[in-house]
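Engineer: Please see the structure below; I have some questions.
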Amino acid sequence: MASLRIAPFALFLFLAASVMFAVEKTEAGVIPCGESCVFIPCISTVIGCSCKNKVCYRNHIIAAEAKTMDEHILLCQSHEDCIAKGTGNFCAPFPDQDIKYGWCFRAESEGFMLKDHLKMSITN
């Protein structure tokens, strides 16, 4: 009777291990973007995907294929581009030197946070 209870669990572990090893064999070990973003935004934004032409692509692919900065709202060449577009205040370049555009981020340094914290009045 105990073996009947263990059999489904063993099958589950076998299937989980099979999926784990299958994913490791893909490029970079992660499931690539590719879902549609017609009605909802990209679900895979946590792994670096963004919507372009109603399909989710990796951010570095969007930047590498771009001919102008206007092709995506997060593309930039300087910090001023990000500020002007309103998409952040920091333009981060990609590690690949062949990609001429960077990606806009909203970044706040600890110095600004400390400065604001020191402005607070002390009440007793």
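In case you wondered, yes, glycine gets a Cβ from its N, Cα and C as well.
Found this in Swiss-Prot, in case it helps:
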SIGNAL    1-28  signal peptide
DISULFID  Cys33-Cys49  disulfide bond
DISULFID  Cys37-Cys51  disulfide bond
DISULFID  Cys42-Cys56  disulfide bond
Engineer: Give the helix, strand or coil assignment DSSP yields for Cys37 (disulfide bond).
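Structural biologist: Looking at the DSSP assignment, Cys37 (disulfide bond) belongs to neither helix nor strand, so coil.
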Engineer: Count the Cβ atoms, other than its own, that fall within 10 Å of the Cβ of Cys56 (disulfide bond), considering every protein chain shown.
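Structural biologist: Summing over all protein chains shown, Cys56 (disulfide bond) has 21 other Cβ atoms within 10 Å.
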Engineer: Going by DSSP, is Cys42 (disulfide bond) sitting in a helix, a strand, or coil?
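Structural biologist: DSSP assigns Cys42 (disulfide bond) to coil.
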Engineer: Only counting partners 6 or more residues apart, tell me which same-chain residues put their Cβ under 8 Å from the Cβ of Cys33 (disulfide bond).
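Structural biologist: Long-range Cβ contacts: Cys42, Ser44, Ile47, Cys49, Cys56, Tyr57, Arg58.
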Engineer: Let me know the most crowded of the disulfide-bonded residues, choosing from Cys37, Cys42, Cys49, Cys51 and counting other Cβ atoms within 10 Å.
Structural biologist: Cys49
Engineer: Under a three-state reading of DSSP, tell me whether Cys49 (disulfide bond) is helix, strand or coil.
Structural biologist: strand
Engineer: DSSP three-state call for Cys56 (disulfide bond): helix, strand or coil?
Structural biologist: strand
